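Peer 1: Please see the structure below; I have some questions.
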């Protein structure tokens, strides 16, 4: 999920104020069985008496054990926890640090530090596997002619099914589910667009669509995005942004300065150009969009990763979680806020306001109980059965309790692309937790 730079985006201020109050139920609950019980009741054969007049009983057939599914369904509906019954989820791509500082700790001590975070790592890998399976299904099935609403619902229904939390009961969505709404930003719109109720927008053959969604388990958010285009003329744009993201990931590591990562990303992206209708366009980094750290229940932490060279001397640190994302454009390489708002999040530094509007009070209670500090969209309120909430929502925004995040757009007629992965800066290696066979 995109972060603006400089960090005026208030999502970067979100923090977990009381980690001890974080919901702790096991995120792997829920059942989805596809095998029928093939066992039979005992039966006696009354028509074949044995010697001595005793009835001969049939031997009981052994009861067949129910087997866990071994592959995902289409659409994805099999729990990740059923596909991995030992609850040991696949690791991401583990990459050695380029310039390892051996003086920090011994390898044995590093491994010990890694083991201390086993629950944290497993939750992250659980969320990452759900993200991989859903996005790979989406990439195969999204086609021109589909509505954005159907695309978003297909992704979000699949995420909720795979983590086993539908989010319809109070607090359920805080255990596991969507980390933030599914962004479906098209062409010159770079980020923060998801359809509101009644949206009739249809994906077109010549569109370039960014698909950006998050999956969270116990507040550990995997943030990953990719771009789809159906016209091969846009391939160089997509290749430029994907290569830039991978360059940023390669450069990342303990004690690496964030401004230096931005310089590497910029150099790679600007080495590409794309020809559209006979005109050649340089691929420009969108300089006021950034990568960012991720904290529990907080999609935008306090650090930003620029995608152009800067003087930022802030360092990556052991234990950080980063979303490395880059955006490229055939336009001006700068975005502004424009269009109908769909994305919202409660501010953790919100003032204590004596709300006089009853609809605002009741809506705030719904937000606290179902989303906390996680971002959400209007469709999520609709799904919970909320009605006529816009007046209350606008009141919460005007009082500084909820932040609204409009779509971010470059100039009309331009095309933008995005690729993003979540990486864990572990003591021993950096783990590209969301890496898959697709990208």
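Cβ atoms here come from the backbone N, Cα and C positions, even for glycine.
Worth saying up front: this structure is predicted, and the values here are computed from it rather than measured.
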Peer 1: From the candidates 206, 223, 410, give the one listed by Swiss-Prot for the same divalent metal cation 1 site as 212, 420.
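Peer 2: Within the candidate list, Swiss-Prot flags 223.
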Peer 1: Check Swiss-Prot for me: it has 223, 325, 420 binding divalent metal cation 2, so pick out which one of 188, 192, 292 it puts in that same site.
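Peer 2: Only hit among 188, 192, 292 in Swiss-Prot's divalent metal cation 2 site, alongside 223, 325, 420: 292.
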Peer 1: What's the most sparsely packed of the binding-site residues 212, 223, 325, 420, counting other C-beta atoms within 10 A?
Peer 2: 420
Peer 1: Taking just the CA atoms, what is the gap between residue 420 (divalent metal cation 1 binding site) and residue 192 (substrate binding site) in Å?
Peer 2: 14
Peer 1: Which residues, sitting 6 or more apart from residue 192 (substrate binding site) on the same chain, put a CB under 8 Å from its CB?
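Peer 2: Listed in sequence order: 1, 2, 183, 185, 342, 343, 405, 406, 407, 408.
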Peer 1: Any idea what the Cα distance is from residue 212 (divalent metal cation 1 binding site) over to residue 325 (divalent metal cation 2 binding site), rounded to a whole Å?
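Peer 2: That separation, Cα to Cα, works out to 10 Å.
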Peer 1: Suppose we draw a 10 Å sphere around the Cβ of residue 300 (substrate binding site). How many other Cβ atoms does it contain, all chains included?
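Peer 2: Residue 300 (substrate binding site): 27 neighbouring Cβ atoms within 10 Å.
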Peer 1: Setting 212, 223, 420 aside, what same-chain residues sit with their Cβ within 8 Å of the center of the Cβ atoms that define the divalent metal cation 1 site, listed in sequence order?
Peer 2: 1, 2, 183, 213, 214, 224, 225, 323, 325, 418, 421, 422
